[in-house]
């Protein structure tokens with residue numbers, strides 16, 4: 001069996017991590033298809049969880065069943081933690097994805113991860129990040145997130161954007177979208193971004209906000225005084241209010257925003273695990289508002305109770321501007 005760079009061998013010799021990432025890529029694509037299909041069928045099956053802004057739809061439920069069952073079938077020793085609390089039931093065979101993205105298997109596994117075992121990995125799944133925006137027809141805010149952690153650290157991740165290339169009309173009303181969820185001229189609908197620490201991030205074109213400009217991206221539907229105070233303290237040139245943690249990190253790596261500021265405990269580990277990897281793989285940084293790294297081991301509490309502060313460059317600048325009042329209110 002011929003070896004490829006970094007001691008990676010072909011076929012059955014692939015490392016557990018790279019097989020998992022290659023599978024997660026195909027599984028995330030399948031979930032993206034499910035998300036689009038539910039909209040097209042027109043019945044979102046919306047359920048309120050803890051508040052009117054904390055929603056679950058049929059797409060959240062089906063996508064999570066698809067992702068978790070597909071992963072567990074192929075990697076039975078994984079710890080998989082998904083956002084939705086679903087009853088265990090027999091999963092329809094048509095929700096199972098057993099493919100893998102071959103291009104990922106052609107990449108070398110970073111040597112520090114080459115001996116990782118299945119049972120050492122924790123997978124954090126958000127089947128539909130940006131659910132509220134999804135129900136309102138803001139479909140380009142939506143992502144599917146599969147993050148992979150080892151020894152408490154996020155090391156690999158996959159983000160699917162089901163509606164990348166989707167042309168939102170001006171009114172952005174769901175009822176007008178249901179028949180029109182299609183890509184712009186000559187463009188494929190949807191894309192998948194993936195990354196592994198020590199290898200890089202792929203599936204997008206890295207861009208930076210022009211030097212000296214401070215564009216802040218923050219929550220659209222979960223704001224409060226702390227969130228607003230922290231954003232104002234950044235002295236921003238512009239503020240973008242959009243849905244989805246995955247979507248905000250994509251804004252950072254594509255030059256639309258310079259920092260993601262969320263001074264509130266609303267965000268969970270499944271929201272940040274995959275996006276953090278993509279950002280870190282291209283030299284960015286994601287922490288809580290105190291500058292602490294987030295932990296992703298299986299015993300950790302799910303809530304990022306000290307908020308999120310992320311940037312592609314100059315993280316220290318943004319961290320230094322977080323008000324003491326905000327830090328005191330958000331305890332890790």
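Even glycines carry a Cβ here, placed using N, Cα and C.
For residue 129 (Mg(2+) binding site), the number of other Cβ atoms no farther than 10 Å from its own Cβ, over all displayed protein chains, is 28. Positions annotated as Mg(2+) binding site by TrEMBL: 83, 126, 128, 129, 271.
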**Request:** Tell me, if you would, which residue among 83, 126, 271 (binding-site residues) has the fewest other CB atoms within 10 Å in the structure shown?
**Result:** 83
**Asked** Relative to the mean position of the Cβ atoms of 83, 126, 128, 129, 271, the recorded Mg(2+) site, which additional same-chain residues have Cβ within 8 Å?
**Response** 60, 125, 127, 130, 131, 143, 144, 145, 244, 245, 246, 268, 270
**Message:** To see if you understand the setup: which same-chain residues, six or more apart in sequence, place their Cβ under 8 Å from that of residue 128 (Mg(2+) binding site)?
**Reply:** 31, 35, 57, 59, 60, 63, 134, 142, 144
